[in-house]
């Protein structure tokens, strides 16, 4: 058995006496009641809580231990036990708000670790102390209540939480209102339920227009509200007084006035101002204006300005000064939201509005526009058609109207500028391109003499009644037909008339009696009112082109006739009834002999072209083989050089021609010092412009080229002193050869060319040609 706080297990003495008598009692375990430990104890620590001992510790050595949360489980070492004496201690202050109870088990074992007693349950309860204040979740709470609310109306709810034991006075919170701001109309407009924290109104008189918000300080105290022992905390409740429509809108004046120009729309003519003490820009404040009298037709409407709440009287239908010089409107204003219960409309919600109409100069107008009249076409110039006059709507202004023509496409009409009389200036023609669907339109302008002047336009529509003034015509103008009669052969002809019913069809088609050959060779048969067929009367008619006159007459009163000529080509046809090619040509007026002659001429012309081409090719070939200036065996063309590139003479057989090329640039020559020149450079002087010659002239054109160059040199007074036939490069000073520029280019005068024989074999041919040698 075990003991608590030194007490032995009950019945131990009886157990001894029973043993002596030979009786045995059943062993009962010792039950330890729960242990209460106050929180926040100040010690000293460790502080003993209970002593546990086993009955067997007299005979054997026993060791005690405890297990559980707070002993060997977190939080560790809150409780401890003396392993020999069995005394259990608490080692630190306890906090009920962290852990309110502990469940431990006590164990007793011998030195070998063998259990000698069953484990005992130990229950430790932490006793609460008032160590926590009530806490509000928020420091500021917001609520609202309608203005004019009755006493007892719920406003809002506040709640504070105390971490202490709420089953004891430590955690029992009570509420009260410490202050109210402002104190209007009384300091205590609200009260709070001390237990639930509900705030309600306690008095009437909430008026948003006077006080729109209240600030209330609420205190929460534990210990059931005992201010001497309890802990307290405070929070602020902001109560907004919400608006209701308890203030009707009031117009600032009993009467308003404005003016409007006539015939104007979407113009603000008056501005109505209103006062409403309710919440701005809310349905309780927004004004709605209505016109309840004075505008039966609906000329005006009132638009509310969303920012200022003013009413803008606007014209939506034009007003006429001549009909209404002024309007007396009655206007009433309300809110978008209805008035609150028990609130009556104000007498100032209704006002009168006087709108004056301003007279302006209105343009003249044509009462009938467009105006339609009917006349027969063909009426002569100078005919009076109608009077197209305008009216001036300004009856109270003494004004005159003048008329003019604005649009007259055919220029048929004129108008009297004072009375509007319409007179024709040309014959009216229904068939004119300016007449559409028998109607001719003209536009006229009427202008008054007001300030400023105003004008109006009117359209006159003249319906032209048709008269039979156009003879019919026939289509087609040309056609063709087979030379032999065929029961299906014929030419369909159509009559056309620019007039209209009843001056058109049905038409009468007939052939003239003269010449007699017309009716002998041709016949015309009517198919219907507008169509007829022209066909051959004879079995055969010689091919050719025939001009067949046909007379067509309309049904007008009186009827009109027209003689139309149809050119008909009569031609041979194939088995399908179509004109053959030869037949079409024959029908054009050419016989077989003429056709053959044309073909022969074409063949001859082609042959001549072929012969000419062959002759040109042969001549070209001869020119290729023709001698240049001498016989073919004396041809010296191999020695003809382009004299832009002079060689070094017959003594110099092996020379580099690249040194004789004319340089592209003269910079290297110009940059040389004076007196130093290459012998193959051209002098830096302007050259005369000569005819451009080809790089390699045709052999047959060399003589012509030389003669052209010679003539150019003779006739050019600005020619430089070097040869113009072949432009030689400047040879420089000190040359052993005389300058060829000293030669006379003219062909006149006698020259002695015998010295050419002394120049060597290269100049032998030249000496023979000019020196009169043996070969000549």
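Glycine residues also receive a Cβ, built from the backbone N, Cα and C atoms like all the rest.
Annotation source TrEMBL lists compositional bias 'Basic residues' at 1-27.
For the domain 'Cadherin' (29-136), the mean pLDDT of the prediction comes to 89. Positions annotated as domain 'Cadherin' by TrEMBL: 29-136 (among others).
For 137-251 (among others), the entry in TrEMBL reads domain 'Cadherin'. DSSP states for the domain 'Cadherin' (137-251), grouped as helix (H, G, I), strand (E, B) and coil, give 6 helix, 50 strand, 59 coil.
Taken from TrEMBL, the feature domain 'Cadherin' applies to 252-366 (among others).
According to TrEMBL, the feature domain 'Cadherin' maps to 367-474 (among others).
The domain 'Cadherin' annotation in TrEMBL covers 473-580 (among others).
Sequence annotations record features per position, and here TrEMBL assigns region 'Disordered' to 1-37.
As annotated by TrEMBL, transmembrane segment applies to 581-614.
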Item to check | For the domain 'Cadherin' (367-474), residues assigned helix / strand / coil by DSSP | outcome: 0 helix, 49 strand, 59 coil
